[in-house]
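Data block below; observations after.
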Amino acid sequence: MELHVTPALTLLREHHLLDHTNKLTDFTATSVAYDSRKVTAGTLFFCKGNFLPKYLTMAREQGAVAYVAEQEYPEGGDLPAIIVKDEQEAMALLGAAFYGFPQDELTIIAITGTKGKTTTAYMADHILGRATDQHVALFSTLDRVLGNRPADRFKSDLTTPESLDLFHDMRAAVDNGMTHLVMEVSSQAYKKHRTYGLHFDIGIFLNISPDHIGRNEHPTFADYLHCKEQLLVNSGICLINAETAHLTDVYYTAKATTQPENIYLFARHGAAVQLPDGAAIDFEYRNDLEDLHESEFELAACSPKAQQLGIQGRYKTSVPGDYNEGNAVAAVISTALAGATAADAVATLDHVHIKGRMEMQKTRQHGTIYIDYAHNYASLKRLLAFLKRQTAAGKVTVVLGATGDKGISRRQGFGKALSEEHPDQIILTTDDPGFEDPMKIAREINSHIDHDQVGAVQYIMDRPTAIKAAIDSSSNGDIVVLAGKGEDPYQKINGVDTPYATDSKIAADYIDEIED
Ligand SMILES: CC(=O)N[C@H]1[C@@H](OP(=O)(O)OP(=O)(O)OC[C@H]2O[C@@H](n3ccc(=O)[nH]c3=O)[C@H](O)[C@@H]2O)O[C@H](CO)[C@@H](O)[C@@H]1O[C@H](C)C(=O)N[C@@H](C)C(=O)N[C@H](CCC(=O)O)C(=O)O
Ligand SMILES: Nc1ncnc2c1ncn2[C@@H]1O[C@H](COP(=O)(O)OP(=O)(O)OP(=O)(O)O)[C@@H](O)[C@H]1O
């Protein structure tokens, strides 16, 4: 892979991103990096984010051929400087060019939404896996999968990688023979232009509710919505869950760049959907059976273009929860648009299991334990409402905390969801407190709980102890919900990812210890 200075400047000019150059030479970059510690001879270095000029000194000393920045730095010395109007946009464009525009060799399904991205991504990945004989890459919050060898699968650091990493990984996927890619796109990715210039074949908009609003994320809900909607602006075919809040805004954003015949809407049968003028539902689904282990639903095609896809019929999914039916429907329609058949979806959907999403542990004497990644108002409310509907008689205990430094509105959201779904017992604990005091966070959650609506609330800040206390106090027919951490193997404390055994391991080990 390489990038010559001339096409690089042409690309920047075409996008009106080039401000000026200085000390320009006729260079060819043989690698690209935004981290000085990764610079080697021939690297084009990008100065971005909370950048410090000393990183440029390091990059120069390690053999960078040029740097791209929003301003000139004396630390650049005699290095050619490409000064751009937006560093993140320039980095995404030049990254795509350096890696030979790998997106052009992949059919890409991109997914956004406040909740359900990972679940939908895994479902779509399974369906497409069958349809393509396992030639699917997956970029999710949990795993990044670039091929079929064990070495091609690793844990993700971000939901949507930084642009240089994104295009690097796409190139690796293409070189590994992958033909399709399923990826989650976070609102932060659009905020930071990680996907600038990237066009998706199919873009899915699942839902939106207040989240990710705070100091390091989005200043307002309007900004959060705007960033999420950019996925539709950048997709050839748009698939929208019509039950989303702000449907009119979302639909008209899609319509601004996509003809209505390439916009598909779906909703649960009977849902109270206020359709925007000119819009119609293409697919409706109807729940046939739901229990704590699986769901069955019937998908009906309501429009001629929906009928052409040939996917109407019955589906079964092994990820319980009524909200997961909507995620499954999104996966079935989007993969059909990417070439899969109904048979591919029927054969795979009921074998999808996602770590930390509705994971269930049955015990002999302490009820049933659910480990779920629910970590905002919308997800906690839907999770508790579903579980209560399924097991009306038992006692429900919820163990949860809220993250520090970000998503501050979640504290109020948890208080509201708990008050509305009134569990019998709440144990407030620690969940990625960051630089904040977890007890202070827990008190804030508690201040938003309507104590007339819920059972006892206690504080146990050591999360394993909280989990054990919840299990100890439960018996047959009861439910213990371990919310918020999913399969996270760490607690983020004071800037350090402190190893954590995971909720599911702590619960399973404790059950082994106390139940013989
Ligand atoms: C707010 C935000 O998006 N921050 C991301 C951003 O940070 P940044 O550009 O300021 O980078 P930085 O780590 O402060 O460092 C500044 C620059 O100096 C460089 N550096 C640093 C040290 C050194 O010795 N030499 C050097 O060159 C770094 O490589 C970097 O380029 O770029 C970094 C990668 O270069 C990301 O790790 C970081 O994500 C932080 C950790 C984060 O928490 N992001 C969250 C908010 C996020 O993006 N979440 C979404 C999901 C949430 C959603 O749904 O919206 C996601 O997509 O994961
Ligand atoms: N469509 C949905 N509506 C509401 N809650 C949902 C929906 N889908 C999943 N959830 C809940 O949200 C949790 C997270 O699901 P998932 O990981 O699929 O979403 P995500 O969008 O990837 O989340 P995040 O952005 O937080 O990583 C699940 O554990 C479940 O409790």
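Here the Cβ of each residue, glycine as well, is placed from N, Cα and C on the backbone.
The domain 'Mur ligase central' feature in TrEMBL is assigned to 111-333. Taken from TrEMBL, the feature ATP binding site covers GLY113, THR114, LYS115, GLY116, LYS117, THR118, THR119. Feature annotation from TrEMBL assigns N6-carboxylysine to LYS228. As annotated by TrEMBL, domain 'Mur ligase C-terminal' applies to 356-486.
Cβ atoms within 8 Å of the centroid of the Cβ atoms of GLY113, THR114, LYS115, GLY116, LYS117, THR118, THR119 (the ATP site) belong to the same-chain residues ILE111, THR120, GLU184, LEU206, ASN207, ASN327, site residues excluded.
DSSP assignment over the domain 'Mur ligase C-terminal' (356-486) gives 47 helix, 28 strand, 56 coil. Look at the residue listed as 'N6-carboxylysine': DSSP puts it in a helix. If you take the C-beta of THR119 (ATP binding site) and look for same-chain residues 6 or more apart in sequence within under 8 angstroms, you find VAL319, ASN324, ASN327, ILE354, ARG357. When Cβ atoms from all protein chains are considered, those within 10 Å of GLY113 (ATP binding site) total 24, not counting its own. Compared over the recorded positions LYS115, LYS117, LYS228, the count of CB atoms lying within 10 A of a residue's CB peaks at LYS228. Counted within 10 Å of its Cβ, the other Cβ atoms near THR118 (ATP binding site) come to 24, all protein chains included. With respect to their backbone Cα atoms, GLY113 (ATP binding site) and LYS228 (N6-carboxylysine) stand 7 Å from each other.
If you compare Cα positions, the residue listed as 'N6-carboxylysine' sits closest to THR114 out of the binding-site residues THR114, LYS115, THR118. GLY116 (ATP binding site) has a Cβ environment of 28 other Cβ atoms inside 10 Å.
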